[in-house]
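*Asks:* Have a look at this one before I ask anything.
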Amino acid sequence: MAAPKVAVVGAGVIGLSTALCIMETCPGCSVTVLSDQFSPNTASDVAAGILIPHTYPGTPIHTQKQWFKETFNYLFAISNSAEASEAGIHLVSGWQVFKNMPEEELPFWSDVVLGFRPMSEAELQKFPQHQFGQAFTTLKCDCPPYLLWLEKRLKATGVQMCTRKVADLWELHSEYNIVVNCVGIGAHQLVGDKKLFPVRGQVLKVHAPWVKNFIRDGDGLTYIYPGIHSVTLGGTREKDSWSLSPDPGATKHIFDRCCSLEPSLRGAQDIKVKVGLRPSRWGVRLQKEVLSQGAVKLLVVHNYGHGAGGFSMHRGTAKEAARLVGECIAALQGSSSRAKL
(Lines of atoms letter the chains of each structure in order from A; the text may use other names.)
(Lines give C-alpha, C1' and ligand atoms only; values in the text may rest on other atoms or scores of the structure.)
Protein backbone atom coordinates (compact mmCIF):
# COMPACT_ATOMS: atom_id res chain seq x y z
CA MET A 1 0.00 0.00 0.00
CA ALA A 2 1.02 3.65 -0.34
CA ALA A 3 2.64 5.38 2.64
CA PRO A 4 0.01 5.52 5.40
CA LYS A 5 -1.24 9.05 6.08
CA VAL A 6 -1.43 10.00 9.74
CA ALA A 7 -3.06 13.15 11.14
CA VAL A 8 -2.13 14.27 14.65
CA VAL A 9 -4.78 16.67 15.96
CA GLY A 10 -3.43 19.09 18.57
CA ALA A 11 -0.15 21.01 18.77
CA GLY A 12 0.59 21.22 22.48
CA VAL A 13 3.42 19.26 24.05
CA ILE A 14 1.45 15.99 23.75
CA GLY A 15 0.57 16.43 20.06
CA LEU A 16 4.03 17.56 18.92
CA SER A 17 5.93 14.90 20.87
CA THR A 18 3.51 12.20 19.66
CA ALA A 19 4.06 13.29 16.03
CA LEU A 20 7.83 13.13 16.59
CA CYS A 21 7.66 9.64 18.10
CA ILE A 22 5.53 8.45 15.16
CA MET A 23 8.16 9.72 12.72
CA GLU A 24 10.90 7.99 14.73
CA THR A 25 9.14 4.62 15.00
CA CYS A 26 7.15 4.53 11.72
CA PRO A 27 9.45 6.33 9.26
CA GLY A 28 7.52 5.11 6.21
CA CYS A 29 4.39 7.10 6.97
CA SER A 30 3.36 10.66 6.18
CA VAL A 31 2.44 12.77 9.24
CA THR A 32 0.50 16.05 9.40
CA VAL A 33 -0.15 18.06 12.57
CA LEU A 34 -3.54 19.81 12.50
CA SER A 35 -4.45 22.42 15.11
CA ASP A 36 -6.35 25.66 15.39
CA GLN A 37 -3.66 26.89 17.83
CA PHE A 38 0.12 26.58 17.77
CA SER A 39 2.71 27.95 20.23
CA PRO A 40 2.62 30.43 21.91
CA ASN A 41 -1.19 30.05 22.11
CA THR A 42 -1.53 26.50 23.53
CA ALA A 43 -2.28 25.39 27.09
CA SER A 44 1.25 23.91 27.16
CA ASP A 45 2.67 27.43 26.81
CA VAL A 46 1.19 28.33 30.20
CA ALA A 47 2.59 25.24 31.95
CA ALA A 48 5.63 25.54 34.20
CA GLY A 49 7.10 22.49 32.45
CA ILE A 50 8.82 21.04 35.52
CA LEU A 51 9.21 17.27 35.84
CA ILE A 52 7.45 16.46 39.11
CA PRO A 53 4.71 13.87 38.44
CA HIS A 54 1.09 14.13 39.50
CA THR A 55 -0.46 10.75 40.25
CA TYR A 56 -3.35 9.46 38.09
CA PRO A 57 -5.66 7.25 40.20
CA GLY A 58 -6.89 5.42 37.08
CA THR A 59 -3.44 4.49 35.71
CA PRO A 60 -1.24 1.75 37.27
CA ILE A 61 1.75 3.22 39.16
CA HIS A 62 4.26 1.03 37.27
CA THR A 63 2.91 2.49 34.00
CA GLN A 64 3.18 6.06 35.31
CA LYS A 65 6.73 5.38 36.47
CA GLN A 66 7.66 4.02 33.03
CA TRP A 67 6.22 7.10 31.30
CA PHE A 68 8.04 9.43 33.68
CA LYS A 69 11.35 7.57 33.38
CA GLU A 70 11.24 7.65 29.57
CA THR A 71 10.44 11.37 29.63
CA PHE A 72 13.14 12.17 32.18
CA ASN A 73 15.82 10.18 30.33
CA TYR A 74 14.89 11.77 26.99
CA LEU A 75 15.05 15.33 28.34
CA PHE A 76 18.18 14.58 30.41
CA ALA A 77 19.98 13.59 27.20
CA ILE A 78 18.89 16.87 25.55
CA SER A 79 20.01 18.84 28.64
CA ASN A 80 23.47 17.29 28.18
CA SER A 81 23.66 18.27 24.51
CA ALA A 82 24.49 21.40 22.53
CA GLU A 83 20.73 21.83 21.90
CA ALA A 84 19.84 22.33 25.57
CA SER A 85 19.69 26.12 25.34
CA GLU A 86 17.58 26.23 22.17
CA ALA A 87 15.24 23.53 23.52
CA GLY A 88 14.86 25.41 26.81
CA ILE A 89 15.76 22.39 28.94
CA HIS A 90 17.84 22.63 32.08
CA LEU A 91 18.41 20.94 35.43
CA VAL A 92 17.01 22.67 38.50
CA SER A 93 17.52 21.74 42.16
CA GLY A 94 15.22 22.57 45.03
CA TRP A 95 12.84 21.50 47.72
CA GLN A 96 9.35 20.09 48.19
CA VAL A 97 8.17 21.06 51.68
CA PHE A 98 5.27 19.80 53.83
CA LYS A 99 3.41 21.35 56.76
CA ASN A 100 2.47 17.81 57.87
CA MET A 101 4.19 14.50 57.23
CA PRO A 102 3.19 13.12 53.80
CA GLU A 103 1.59 9.67 53.57
CA GLU A 104 4.56 8.43 51.58
CA GLU A 105 8.03 9.76 52.21
CA LEU A 106 9.31 8.13 49.02
CA PRO A 107 7.09 8.92 45.99
CA PHE A 108 7.15 6.45 43.09
CA TRP A 109 9.42 8.78 41.10
CA SER A 110 12.03 9.37 43.80
CA ASP A 111 14.64 7.10 42.18
CA VAL A 112 14.16 8.67 38.72
CA VAL A 113 15.00 12.27 39.64
CA LEU A 114 18.55 13.00 40.77
CA GLY A 115 19.81 12.95 44.37
CA PHE A 116 16.45 12.54 46.11
CA ARG A 117 16.81 12.76 49.91
CA PRO A 118 15.03 14.09 53.02
CA MET A 119 15.89 17.71 53.81
CA SER A 120 18.29 18.41 56.65
CA GLU A 121 17.30 20.32 59.77
CA ALA A 122 19.44 23.23 58.58
CA GLU A 123 17.61 23.37 55.22
CA LEU A 124 14.22 23.23 56.94
CA GLN A 125 15.09 26.38 58.89
CA LYS A 126 14.44 28.26 55.64
CA PHE A 127 10.78 27.12 55.90
CA PRO A 128 9.64 27.67 59.51
CA GLN A 129 5.99 26.82 58.65
CA HIS A 130 6.96 23.35 57.39
CA GLN A 131 8.10 20.30 59.33
CA PHE A 132 9.31 17.94 56.60
CA GLY A 133 10.80 18.25 53.15
CA GLN A 134 12.49 16.51 50.24
CA ALA A 135 15.44 17.80 48.25
CA PHE A 136 16.18 16.70 44.68
CA THR A 137 17.26 17.80 41.23
CA THR A 138 14.89 17.50 38.29
CA LEU A 139 14.46 18.92 34.79
CA LYS A 140 12.51 21.91 33.55
CA CYS A 141 11.30 22.65 30.01
CA ASP A 142 10.82 26.33 29.24
CA CYS A 143 7.87 27.07 26.98
CA PRO A 144 7.54 28.21 24.26
CA PRO A 145 11.21 27.36 23.40
CA TYR A 146 10.62 23.63 23.87
CA LEU A 147 7.50 23.60 21.66
CA LEU A 148 9.31 25.62 18.97
CA TRP A 149 12.23 23.16 19.16
CA LEU A 150 9.80 20.25 18.71
CA GLU A 151 8.19 22.02 15.72
CA LYS A 152 11.61 22.55 14.16
CA ARG A 153 12.49 18.85 14.62
CA LEU A 154 9.18 17.85 13.04
CA LYS A 155 9.59 20.13 10.02
CA ALA A 156 13.11 18.73 9.50
CA THR A 157 11.63 15.22 9.21
CA GLY A 158 9.02 16.35 6.65
CA VAL A 159 6.01 16.69 8.94
CA GLN A 160 3.44 19.22 7.70
CA MET A 161 1.94 21.79 10.11
CA CYS A 162 -1.55 22.98 9.19
CA THR A 163 -3.72 25.51 11.01
CA ARG A 164 -7.13 23.89 10.95
CA LYS A 165 -10.06 23.60 13.34
CA VAL A 166 -11.24 19.98 13.44
CA ALA A 167 -14.88 19.80 14.57
CA ASP A 168 -15.33 16.03 14.11
CA LEU A 169 -12.63 13.34 13.71
CA TRP A 170 -14.74 11.69 11.02
CA GLU A 171 -14.25 14.68 8.70
CA LEU A 172 -10.63 13.46 8.30
CA HIS A 173 -11.49 9.93 7.08
CA SER A 174 -11.22 10.72 3.36
CA GLU A 175 -7.76 12.35 3.75
CA TYR A 176 -6.03 10.20 6.39
CA ASN A 177 -5.73 6.50 7.25
CA ILE A 178 -5.09 7.08 10.96
CA VAL A 179 -6.02 10.00 13.23
CA VAL A 180 -4.27 10.64 16.55
CA ASN A 181 -6.32 12.69 19.00
CA CYS A 182 -4.10 14.91 21.20
CA VAL A 183 -6.46 17.86 21.67
CA GLY A 184 -6.32 17.97 25.48
CA ILE A 185 -9.35 19.73 26.96
CA GLY A 186 -10.80 20.00 23.43
CA ALA A 187 -11.67 16.28 23.62
CA HIS A 188 -14.56 17.25 25.90
CA GLN A 189 -16.33 18.57 22.81
CA LEU A 190 -14.49 16.79 19.96
CA VAL A 191 -15.18 13.24 21.15
CA GLY A 192 -17.75 13.97 23.86
CA ASP A 193 -15.56 12.72 26.71
CA LYS A 194 -17.61 13.51 29.82
CA LYS A 195 -14.89 12.03 32.06
CA LEU A 196 -12.65 14.92 31.04
CA PHE A 197 -12.88 18.19 32.97
CA PRO A 198 -10.89 21.43 33.06
CA VAL A 199 -8.79 22.37 36.06
CA ARG A 200 -8.11 26.07 35.61
CA GLY A 201 -4.56 27.12 36.36
CA GLN A 202 -3.46 30.72 36.82
CA VAL A 203 0.28 31.42 37.12
CA LEU A 204 2.56 34.44 37.20
CA LYS A 205 5.73 34.77 35.16
CA VAL A 206 8.10 37.18 36.89
CA HIS A 207 11.63 38.50 36.45
CA ALA A 208 13.61 37.39 39.53
CA PRO A 209 16.97 36.09 38.24
CA TRP A 210 18.36 35.69 41.76
CA VAL A 211 15.93 32.81 42.43
CA LYS A 212 17.87 29.68 41.45
CA ASN A 213 16.11 26.86 43.36
CA PHE A 214 12.58 25.55 42.91
CA ILE A 215 10.30 25.48 45.96
CA ARG A 216 7.08 23.51 45.96
CA ASP A 217 4.59 23.20 48.78
CA GLY A 218 3.60 19.55 49.17
CA ASP A 219 -0.07 20.43 48.65
CA GLY A 220 0.87 21.31 45.06
CA LEU A 221 -0.89 24.67 45.18
CA THR A 222 2.04 26.99 45.86
CA TYR A 223 5.21 26.70 43.79
CA ILE A 224 8.19 28.69 42.55
CA TYR A 225 9.89 27.29 39.44
CA PRO A 226 12.88 29.21 38.03
CA GLY A 227 13.29 29.05 34.27
CA ILE A 228 15.92 30.39 31.92
CA HIS A 229 14.30 33.81 31.40
CA SER A 230 11.57 34.03 34.06
CA VAL A 231 10.32 32.41 37.26
CA THR A 232 6.88 30.75 37.27
CA LEU A 233 4.84 31.39 40.42
CA GLY A 234 1.71 29.36 41.08
CA GLY A 235 -0.94 28.68 41.29
CA THR A 236 -4.59 27.74 41.25
CA ARG A 237 -6.50 24.46 40.75
CA GLU A 238 -10.10 25.33 39.95
CA LYS A 239 -12.02 22.27 38.89
CA ASP A 240 -14.70 22.72 36.17
CA SER A 241 -13.80 26.38 35.58
CA TRP A 242 -13.56 27.22 31.85
CA SER A 243 -12.57 30.88 32.33
CA LEU A 244 -9.38 32.03 30.59
CA SER A 245 -9.60 35.54 32.07
CA PRO A 246 -7.00 36.43 34.73
CA ASP A 247 -8.43 36.89 38.23
CA PRO A 248 -6.74 39.86 39.99
CA GLY A 249 -7.64 38.43 43.42
CA ALA A 250 -5.94 35.13 42.55
CA THR A 251 -2.88 37.03 41.25
CA LYS A 252 -2.43 38.76 44.62
CA HIS A 253 -3.06 35.52 46.53
CA ILE A 254 -0.48 33.59 44.43
CA PHE A 255 2.12 36.33 44.84
CA ASP A 256 1.61 36.56 48.62
CA ARG A 257 1.79 32.75 49.07
CA CYS A 258 4.99 32.54 47.02
CA CYS A 259 6.55 35.44 48.95
CA SER A 260 5.82 33.60 52.22
CA LEU A 261 7.99 30.72 50.90
CA GLU A 262 10.63 33.00 49.29
CA PRO A 263 10.48 36.54 50.74
CA SER A 264 13.01 37.88 48.22
CA LEU A 265 10.27 37.63 45.55
CA ARG A 266 8.86 40.91 46.89
CA GLY A 267 11.48 42.49 44.61
CA ALA A 268 10.30 40.63 41.49
CA GLN A 269 9.72 42.74 38.36
CA ASP A 270 7.69 42.51 35.14
CA ILE A 271 4.84 40.35 36.43
CA LYS A 272 2.80 38.68 33.67
CA VAL A 273 -0.36 36.66 34.35
CA LYS A 274 -1.12 33.48 32.36
CA VAL A 275 -4.16 31.19 32.46
CA GLY A 276 -4.54 27.67 31.07
CA LEU A 277 -6.99 24.78 31.34
CA ARG A 278 -5.47 21.47 32.43
CA PRO A 279 -7.18 18.55 30.63
CA SER A 280 -7.90 16.37 33.66
CA ARG A 281 -9.48 12.94 34.05
CA TRP A 282 -9.19 9.85 36.26
CA GLY A 283 -6.41 8.52 34.02
CA VAL A 284 -4.74 9.42 30.72
CA ARG A 285 -6.78 8.14 27.76
CA LEU A 286 -4.27 6.21 25.70
CA GLN A 287 -6.01 3.68 23.46
CA LYS A 288 -7.06 2.69 19.95
CA GLU A 289 -10.58 3.07 18.62
CA VAL A 290 -12.19 2.22 15.27
CA LEU A 291 -14.81 4.69 14.03
CA SER A 292 -17.08 3.36 11.32
CA GLN A 293 -19.90 4.49 9.10
CA GLY A 294 -21.22 1.51 7.16
CA ALA A 295 -18.25 -0.30 5.63
CA VAL A 296 -15.97 2.75 5.93
CA LYS A 297 -13.61 2.69 8.91
CA LEU A 298 -11.25 5.21 10.47
CA LEU A 299 -8.51 4.12 12.86
CA VAL A 300 -8.07 6.48 15.81
CA VAL A 301 -5.46 6.61 18.60
CA HIS A 302 -6.30 8.75 21.64
CA ASN A 303 -3.61 10.38 23.79
CA TYR A 304 -5.04 13.04 26.08
CA GLY A 305 -6.17 13.78 29.64
CA HIS A 306 -2.76 14.41 31.23
CA GLY A 307 -4.04 17.09 33.64
CA ALA A 308 -1.20 18.82 35.48
CA GLY A 309 1.27 16.07 34.54
CA GLY A 310 1.64 16.59 30.81
CA PHE A 311 5.28 17.65 30.79
CA SER A 312 6.28 14.99 33.30
CA MET A 313 4.81 12.21 31.15
CA HIS A 314 4.76 13.58 27.59
CA ARG A 315 7.54 11.54 25.99
CA GLY A 316 6.48 8.28 27.65
CA THR A 317 2.86 8.58 26.53
CA ALA A 318 3.96 9.76 23.06
CA LYS A 319 6.06 6.59 22.65
CA GLU A 320 3.08 4.45 23.67
CA ALA A 321 0.77 6.31 21.26
CA ALA A 322 3.33 5.83 18.46
CA ARG A 323 3.41 2.10 19.24
CA LEU A 324 -0.39 1.98 18.88
CA VAL A 325 -0.11 3.86 15.56
CA GLY A 326 2.39 1.18 14.46
CA GLU A 327 -0.21 -1.50 15.29
CA CYS A 328 -2.79 0.41 13.21
CA ILE A 329 -0.37 0.60 10.26
CA ALA A 330 0.31 -3.15 10.52
CA ALA A 331 -3.45 -3.80 10.50
CA LEU A 332 -3.91 -1.58 7.42
CA GLN A 333 -1.06 -3.27 5.58
CA GLY A 334 -2.44 -6.67 6.54
CA SER A 335 -5.91 -5.85 5.22
CA SER A 336 -4.52 -4.36 1.99
CA SER A 337 -2.38 -7.44 1.30
CA ARG A 338 -5.40 -9.69 2.00
CA ALA A 339 -7.44 -7.57 -0.44
CA LYS A 340 -4.88 -8.29 -3.16
CA LEU A 341 -5.05 -12.06 -2.72
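For all residues, glycine too, the Cβ spot is worked out from N, Cα and C.
A TrEMBL annotation is a machine prediction, not a hand-curated record.
According to TrEMBL, the record shows the following:
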| type | residues | note |
| --- | --- | --- |
| SIGNAL | 1-19 | signal peptide |
| DOMAIN | 5-324 | domain 'FAD dependent oxidoreductase' |
| BINDING | Val166 | FAD binding site |
| BINDING | Tyr223, Arg278 | D-dopa binding site |
*Asks:* Across all the protein chains here, work out how many other Cβ atoms are within 10 Å of the Cβ of Arg278 (D-dopa binding site).
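*Replies:* Within a 10 Å radius of the Cβ of Arg278 (D-dopa binding site) lie 24 other Cβ atoms.
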*Asks:* If you skip the near sequence neighbours and keep only those at least six away, which residues in the chain come within under 8 angstroms of Tyr223 (D-dopa binding site), Cβ to Cβ?
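*Replies:* Set apart from Tyr223 (D-dopa binding site) by at least 6 residues yet with Cβ under 8 Å, we have Ala48, Ile50, Phe214, Ile215, Arg216, Asp217, Thr232, Leu233, Gly234, Gly235, Cys258.
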*Asks:* To the nearest Å, how far is the Cα of Arg278 (D-dopa binding site) from the Cα of Val166 (FAD binding site)?
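*Replies:* Rounded to the nearest whole number, the Cα-Cα distance is 20 Å.
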*Asks:* Same chain only, sequence gap of 6 or more: which residues have a CB within under 8 Å of the CB of the residue listed as 'FAD binding site'?
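*Replies:* Same-chain residues close to the residue listed as 'FAD binding site' (Cβ under 8 Å, separated by 6 or more) are Val9, Leu34, Asp36, Leu172, Val183, Leu190.
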